[in-house]
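Some notes on the structure that comes next.
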Amino acid sequence: MYGVSMDPKCSLILLSGGKGERFGANQPKQYLPFRGEPLILHALNMALRIPEISEIIVVCDVNYESIFEGYPVKFARPGTRRQDSVFSGLQQVANPWVLVHDGVRPFIYPDEVTELVTAAYQTGAATLVSNVPYTIKQRDPVKTLDRDALSIVHTPQCIKTQILLEGLERANQERITLVDDTQAAELLNLPVALVFNKHPQIKVTYPEDLTLAHALL
């Protein structure tokens, strides 16, 4: 139906529209200083060295476009929800495959992208994950979940552009708020491949996360 086939190039949607309210800073956390430059530029510079990525779309407020001056990127405007921002970025995508990455995650590794893309070519969608190191309890009713059956989801995620578009449209029609991008494939009853991370994954949500990101370099 979707003609899942191999194509060597992907677009990258780099999400940079978040407000960063939980971080408590006076500016969105993706623009906080990290090794002498805004945090998001660390991810962008890593992405520019990844051969599978042929174009990058930054989803950000117009007031922050100047941060990306001199970089070969396109721009799209953020929406109210994550899925609205992703849909906005998709309007600029020129490739049949797309990677989606959070701007508050400073690391995007070439070997993991290669494995993600290879897996997505087989199924239509793939996400980076890691094992759950803790005991997890469901709240209502209270019970202990089997952590060996669970995974922590990270970005980037790779998905066929057509699948992501149709899944987002389905979510909007059914008033479903997506919590990650490969959930769009799940809504269409399509498989999602899980690719386990080879490197530590950091999402900068709180100040201590930024300290940890520095320590990983």
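Heads up, the Cβ atoms here are built off N, Cα and C, so glycines get one too.
These features come from Swiss-Prot:
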type : residues : note
SITE : Arg22    : site 'Transition state stabilizer'
SITE : Lys29    : site 'Transition state stabilizer'
SITE : Arg147   : site 'Positions MEP for the nucleophilic attack'
SITE : Lys203   : site 'Positions MEP for the nucleophilic attack'
Length of the line joining the Cα atoms of Lys203 (site 'Positions MEP for the nucleophilic attack') and Lys29 (site 'Transition state stabilizer'), in Å: 10
For the recorded sites Lys29, Arg147, Lys203, the one whose C-beta sees the most other C-beta atoms within 10 angstroms: Lys29
Lys203 (site 'Positions MEP for the nucleophilic attack') in three-state DSSP notation: coil
Lys29 (site 'Transition state stabilizer') to Arg147 (site 'Positions MEP for the nucleophilic attack') - Cα separation in whole Å: 30
